[in-house]
Amino acid sequence: MRIRVIGAPIDLGADRRGVDIGPRAIRYAGLNDQLHRLGHTVNDVGNLDVPLPENQPTGNPRLKYLEPITKLAEDLAHTVSDALAEQEFPLILGGDHSMALGSISGVASKHKNLGVIWVDAHADFNIESTTPSGNIHGMILAALAGLGEEQLVNVCGWAPKIDKNKIVILGARDLDEGEQRLLREQHIHVFTMSDIDRRGIATVMQQAIEIAGADNGPIHLSLDLDSLDPKEAPGVGTPVRGGLSYREAHFAMEMLAESARLVSMDVVEVNSILDRENATAQLAVELTLSALGKKIL
Ligand SMILES: NC(=[NH2+])NCCC[C@H](N)C(=O)O
Ligand SMILES: [Mn+2]
Ligand SMILES: [Mn+2]
């Protein structure tokens, strides 16, 4: 496969600084080299330009940095749809999770029946009235489903990007009150950590692939590193105890590779300031390799 690596070093959607270093940290952990060794061709187009919070107005405190976040989303959407048009698999490195607004908008413009598997401790399903933080990375999945602030929802001039029946959240364990209500009202498929405890990662992942990939449709994977247990992934801005184990996460990625339905992937929320000797970036590389076909034997 030909893979186009795209860096989106944005930290405007989150509070803790340091995710903007994520794309470099993931590259330093040997991403391109290892993808190459797996047999892929790698076309790394570098990082998109993202303004610093230091020289941007915060704007509405319930939708912080809305303007620059939507601008990056549009740039990224174009970069991603160009990659697909040229038969390359977009692998987008974050940055905070707000960048998925751009990546998924780009993929959805090419694949009309796209499903999304959102692997995350959080659901990122807040809207302006439910957000406890005003941080847009916590609102992105709702926006992609057509809910919330209209500037986010209508990025690239159309909406919704994803049919809400084709969204699956996996690994959730920290949902805000209003967010829970919204998830229930909208009948979003959420597999919590309790579901994984009860039924095992293999069964849950199988079902996730069936839902997101219904009618033989393509799947986008959005991997937030805080889905893993903080013992494995200490370098994230919003750690929550009780996450996916190392093997659970790998096995979920291996199942996705086996399904052969993946058309694009995000790797987000690696925070190098909070990391321990780049361990979280290394884990991000390992999981990416599993999702893109690496097997033990
Ligand atoms: N992509 C993330 N790490 N999101 C964390 C979101 C945290 C919280 N639910 C909020 O909306 O502020
Ligand atoms: Mn997230
Ligand atoms: Mn998260």
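Even glycines carry a Cβ here, placed using N, Cα and C.
The Mn(2+) 1 binding site annotation in TrEMBL covers H97, D120, H122, D224, D226. D120 (Mn(2+) 1 binding site) has a Cβ environment of 27 other Cβ atoms inside 10 Å.
In the three-state DSSP assignment, the secondary structure recorded for D124 (Mn(2+) 2 binding site) is coil. Annotation source TrEMBL lists Mn(2+) 2 binding site at D124.
Under a cutoff of 8 A between CB atoms, and with a sequence separation of 6+ in the same chain, the neighbours of D124 (Mn(2+) 2 binding site) are H97, W118, H137, G138, M139, I140, L141, A142, D224. Residues H97, D120, H122, D224, D226 make up the record's Mn(2+) 1 site, and a Cβ search at 8 Å around their centroid adds W118, V119, A121, D124, H137, L225, S227, T238, V268, E269 from the same chain. Looking only at the binding-site residues H97, H122, the densest Cβ neighbourhood within 10 Å occurs at H97.
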